[in-house]
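S.K.: Structure incoming, see below.
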Amino acid sequence: MAAADEQLPPLEDVNPIQFQDSQPLIDESTNSISISKSKAKSTSTYSYPTYPATLELLNRYRSKFKPSKQDSPDETVPDSSETLSTVEIIKLAAEKFINFSTQRTDGYTMFMHPYGSSAFTRLSIDEIREVELVFQLLTAAEKVGRKQFEIACKFLIRCGWVASDGGTPVERLVYYFSEALQNRVGKETGIPIPVKLNKFGIKNENPMGLGTNPTFLACHQALPFNQVLQLCSIQAILDQVGTSSKVHLIDIHIRSGVQWTAMMQALAERNSNIELLKITAFATSSDVQKVGETGKRLHSFAKTLSLPFLFKILVLSDITDVQEEQFDVQPDEAVAVYCHVILRTMVSRPQSLENLMRSIRKINPLVIVVAEVEANHNSRSFVNRFTEALFFYGAVFDCLDACMSRDDVHRSMLEGVHFADGMKNIVADEGEERVSRSVDVNTWRLFFARFEMEEIELSESCMYQANLVLQRFSCAGSCSLENNGKCLVIGWKGTPVHSLSTWKSDIFATENGTRSTHFNFNFLLPRQEVFNDVIDCWVAVLNFEEKNRSPSSLRRLFCPTTPFYGWVLDNSDETDETRYAFFETHLHTVLEGNEKLYDLKQFDVVLFPIFEKRHFYLISFDLKNPCIRLIDNMHASQCLILFRDDVDYLKKSTCYKVKYIFLLHLKKVNHPKLKELECQPVEKLKLSWATTKNFVDCGIFVMCHMEMFNANYARSWDCGFPKDERAKKMKCGLLRKKYVCKMLTSDVNIYKDRIIKEADELDAASTN
């Protein structure tokens, strides 16, 4: 069986530095050559060695990290009045290491002051000592990389003279990395390393997660990272599930479950009509009891909020063995999947990780929230991993020192058991033994792209929650919140520590950004109210078909529901300019940026589906024979639509507000039919088959009205619906099936081929 790190190329470094594990940080191959007078005379110039790529890696760290809020962007020399951070100490040690390395020529070391640059002249005695300590560690790592283990051990002994598990963050960091290097030396040489007794007597778990023991809970309270990730994740889920009456949360690694108490409160306050909150938690036989206790606590909390709640435990021999049907997802459930610092533990088992993702992909969740360690600890190169880990844990230890006292036993446990084991796994282990394989968000993007998952941009509400939580901590000034594309990166004094990204799987998407999920398409099932974005997908399909219609046919333009959202139309704080700007932006999208179509003179009719009071209807503007029609399936006796015009915009009814904003555009483009349309009232088209007591199918009626609209009518229209109510409902059921198939298999849907392939596979499976 091939090594795990050779099985999963997408989860390797995106831009790996290619060199062998045995390649040194310093090329000292000339040391094996004896320098004689005769040989010296044979060469007129020195031959400078080619230094390995690891020096480039160290050099890269000079500019890799963004300055923290405390740093001055113009000041590169440390301020003597401020204590240097652990990462800054590492950077200076790396600079000394690079300078020391590049001064070597043919085995000779050129004379140089060890702290000659301006960056070193303002250091305190303690800082100089710490820089020297890290320098010794880097040199030891270089010797280990060259397999010069005897020399490496001498440098590790020097580190041991100063480093301590109870000292400064730098001393503690060097102490644990020295142990990790000693373990690697022992494995390489076969010389057994004395096993240290676990003085805390506890089992190692995932230190970056949210555990159930007092140490993890103390970490959760003291450090900002978990709380920022937690609240931001909850907001991201709320943004997607909206006002859904049934919410199904799938937590891959629930631990204490404290994060869901905030979710429960938000749902209880946000939606009084919520029918069910269901949480499915993964568990193995070893932790099923703890997961059960978590469920009991959450159930008790839900009871205090009078929140309908169901907790389900999914017991698996391995959490990656889950199958689609085991999730027990119901069609009317809004599903969200939460992965908190757990996917990194599966990188060493690529087939298992892919199986898990395929199963999740098949249930089509509204959102997958992924909180992970933002670091590259999966390189094939030992030296590369060592350098990445040194900077990462340097930031973590610095944060621990700032947020927890040095005599805090929980801090000692985190460092001495959990983080120390992580360092050993990264530095000392290889192949399948190396399970700590964090990768950065760019690598996760490549991975999710293989499953046609799209990254979602975090909302302003998410960023607000993140900042709000961060301000509760006294160390907020040292913690940074940065955007990396659409994801959030949380750092410490400029060093990335965690990332939060959100993903979804669309079932329909167009090149210009119209998209919808499997969940929303489920509402095309019988007796379900159609979602706005399904109507917008239908608009995209109809506009695509219009391009292939005969030039002699009616030229129609269909607009989505988005330009006339209620908050745009009814908000008294908006002005004509802002309302029109919002409309214009969406019109540009519909026209695909084609400026030649902007004046609308190429169209005979423009149609707007409107959503008001949970009801869809259609407004048409006839630009050929000027008139404005409102098409609604409801009988006049049950129609809730108002027809009220007024000089005061806010007193106008919705249909006249739509008319007002649309005419603003016609005025801007100097449309020839503007004056005639200004004089036209909004008239309701008479339907001989108008419905009574059928509110649920209004979206289907609007989709039918748009499809069949041809403007060849007077004041009444029959689009093929029977008068019998039962027959109308049956026809709506058939139209639901027709529209699903038509949208998903339309050439405008970029997922068309995938949908057809999955349908064929499902058909073949059912036949067999």
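Note: Cβ is positioned from N, Cα and C throughout, glycine not excepted.
TrEMBL does not curate its annotations; it predicts them automatically.
Predicted, not measured: the structure shown is a model, and the values here were computed from it.
The annotation region 'Disordered' is assigned in TrEMBL to 1-47. What TrEMBL records for 29-47 is compositional bias 'Low complexity'. Summarising the annotation, TrEMBL assigns region 'Leucine repeat II (LRII)' to 293-325. The region 'SAW' annotation in TrEMBL covers 428-504. Summarising the annotation, TrEMBL assigns domain 'Ubiquitin-like protease family profile' to 580-710.
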S.K.: What are the helix, strand and coil residue counts for the domain 'Ubiquitin-like protease family profile' (580-710) according to DSSP?
M.R.: 51 helix, 28 strand, 52 coil
S.K.: What does DSSP give as the helix, strand and coil breakdown of the region 'Leucine repeat II (LRII)' (293-325)?
M.R.: 17 helix, 7 strand, 9 coil
S.K.: With DSSP helix as H/G/I and strand as E/B, how many residues of the region 'SAW' (428-504) fall in helix, strand and coil?
M.R.: 27 helix, 25 strand, 25 coil
S.K.: So what's the average pLDDT for the region 'Leucine repeat II (LRII)' (293-325)?
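M.R.: On average, pLDDT over the region 'Leucine repeat II (LRII)' (293-325) sits at 91.
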